[in-house]
Amino acid sequence: MAEEVLITPPGKITSFLRPMDSSKLKAIEEMNESPTHLTSSLLAVAFLTSFGSSMLYGYNLAVVNSPAVYIKDFYNRTSVSRNGTGLDGEALTLMYSLTVSVFAIGGLLGSLMVGMLVTRFGRKGTVVNSTVLVFIAGSLMGFSRICGSPEMVIFGRFVTGIHSGISLSVVPMYLGEIAPKNLRGFLGLVPSLFICAGVFSAQILGLHEILGKEDHWPLFLSLVVIPTFIQLMLLPWFPESPRYLLIEKHNVHATIIALKWYRAKCNIQSEIEEMQEEQRSLSSVETVSVWRLILDPLVRWQLLSVVVINIGMQLSGIDALWFYTNDIFRNAGIPEPEIQYTTVGTGAIEIIAGLIGCFTIEKLGRRPLIIGGFLVMGFCCAGITLSLVLQVHLPFMRYVSVGCVVGIIAGFCIGPAGVPFLITAELFKQSHRPAAYTVGGSLNWISNFTVGFVFPFLQMSAGSYCYLVFCCVCLAVAAFVFFVIPETKNKTFVEISQMFASKEAVPETQGLGHPDQLKLRKMNGYGTLENGSLEFDSSSSVP
């Protein structure tokens with residue numbers, strides 16, 4: 001006989017079961033099995049959070065390239081006005097390098113704060129509250145020339161880095177928790193698409209015909225406040241993450257309201273039951289610290305997976321590629337005045353590749369995109385080395401190197417650019433997710449800073465062969481994902497965690513004495529079933 005389970009407050013299991021006729025059971029099962037459609041509310045939240053937060057990361061990566069000469073000149077003139085002498089070449093390069101690299105230092109600091117912030121303010125609350133950092137940074141950089149203070153530029157870059165470090169982790173976490181399982185991949189890649197759009201926007205606005213002039217560079221740096229202001233005006237009207245409200249705040253009423261806001265259909269019982277199942281599977285509903293996450297043997301493979309894909313994302317050579325792109329285009333015979341437009345073209349390729357990833361991830365899955373992306377990048381890195389070595393004897397190899405640059409960019413944006421952040425959300429349940437994002441985000445920023453610091457020395461010592469290092473990294477990460485990380489498409493967080501469970505699950509038939517008994521098994525620790533169970537037999541049920 002089929003029974004109907006009522007929604008209960010978190011932490012409590014009800015034994016109040018009542019008979020349900022077969023037609024009603026069939027209707028509910030069909031409704032639960034049918035995929036949830038993309039609603040305007042889900043799409044609006046994905047666009048708002050990505051537009052006002054994730055896009056700023058891409059913008060700040062590229063914004064200092066175009067006005068580099070003008071910023072250095074400002075630093076030099078300020079030194080003359082203060083000290084009577086200008087900066088020598090080494091000191092000027094050091095100050096500009098600090099301006100660029102301090103962004104990554106701020107990002108590392110921001111990523112370390114994620115766990116504390118999302119636990120205290122929630123997912124949406126953290127996104128909204130962190131906007132104050134953008135306004136502070138925009139004001140510092142925008143008024144730096146008027147105040148004659150290079151320190152304002154450097155500190156502004158540091159503050160924008162803190163905001164980006166927070167956003168890179170919190171936005172995918174928020175979207176992953178509000179999305180139904182059949183749309184989690186699509187919504188999870190929206191932030192990476194907007195990161196590409198941010199890079200492209202900085203490349204377009206940095207053209208000499210727009211804001212690439214000497215008088216405009218403070219405005220160019222401070223434009224980040226505009227998308228953040230739009231986000232601040234609109235995002236607070238949307239609900240918090242339903243999972244955060246139910247599992248961490250124990251607020252069933254607010255959870256139901258949030259789910260009704262984000263879903264096209266009013267039947268949300270199955271989703272709440274799935275969240276309650278996840279809550280019961282946790283040894284503690286309190287947020288796990290980074291140290292406890294590292295020591296927890298039940299999530300060792302999940303944690304190792306996050307470490308590998310986040311480090312591999314940065315050590316793939318994508319950041320170093322941008323360092324060498326202009327030289328590759330110059331060697332290919334592209335005239336110097338046209339190189340900036342060619343670079344803008346690579347930004348357009350990023351967006352196209354990101355769109356392909358967004359619209360294919362729910363059909364192909366996570367594994368094909370990230371494995372295929374790293375393989376393409378690995379082969380193209382080897383192709384760049386080959387073309388740079390042979391172009392002295394074979395002039396046409398210059399164009400092969402340009403094609404390899406395009407291939408690396410496309411391969412990165414289709415999968416490795418966004419899937420690592422999505423997988424970090426999917427491999428962990430509610431209590432472990434903030435700490436996992438702290439680990440993944442901090443390693444991402446450390447690797448980013450390391451590549452930027454080490455690559456010039458690697459290039460001097462290895463020459464054209466330096467890209468073989470990145471080739472090996474890409475192929476190694478692709479192999480790790482192929483052998484270790486399972487496909488997570490259309491699976492709940494509980495199902496994903498059980499795929500990594502270190503103990504064998506109790507067979508379904510065990511524990512059901514006869515058809516009228518319902519046995520609810522409790523989880524041991526993190527996603528592992530144990531033999532002990534909580535039983536409610538038919539004698540305790542209410543007819």
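From the backbone N, Cα and C atoms, a Cβ is placed for every residue, glycine too.
Per TrEMBL, domain 'Major facilitator superfamily (MFS) profile' is recorded for 46-489. What TrEMBL lists as transmembrane segment is 41-59, 94-115, 127-146, 152-174, 186-205, 217-238, 301-324, 339-361, 368-390, 396-423, 435-458, 464-485.
When each of 127-146, 152-174, 368-390, 464-485 is checked for Cβ pairs under 8 Å to the transmembrane segment (217-238), 127-146 comes out on top.
Between the transmembrane segment (186-205) and the transmembrane segment (396-423) there are at least 3 Cβ pairs closer than 8 Å, counting only pairs 6 or more residues apart in sequence, which means the two stretches are in contact. Of the ranges 94-115, 152-174, 435-458, 464-485, the one with the most Cβ pairs under 8 Å to the transmembrane segment (41-59) is 152-174. Most Cβ pairs under 8 Å with the transmembrane segment (464-485) belong to 301-324, among the candidate stretches 94-115, 127-146, 152-174, 301-324, 339-361.
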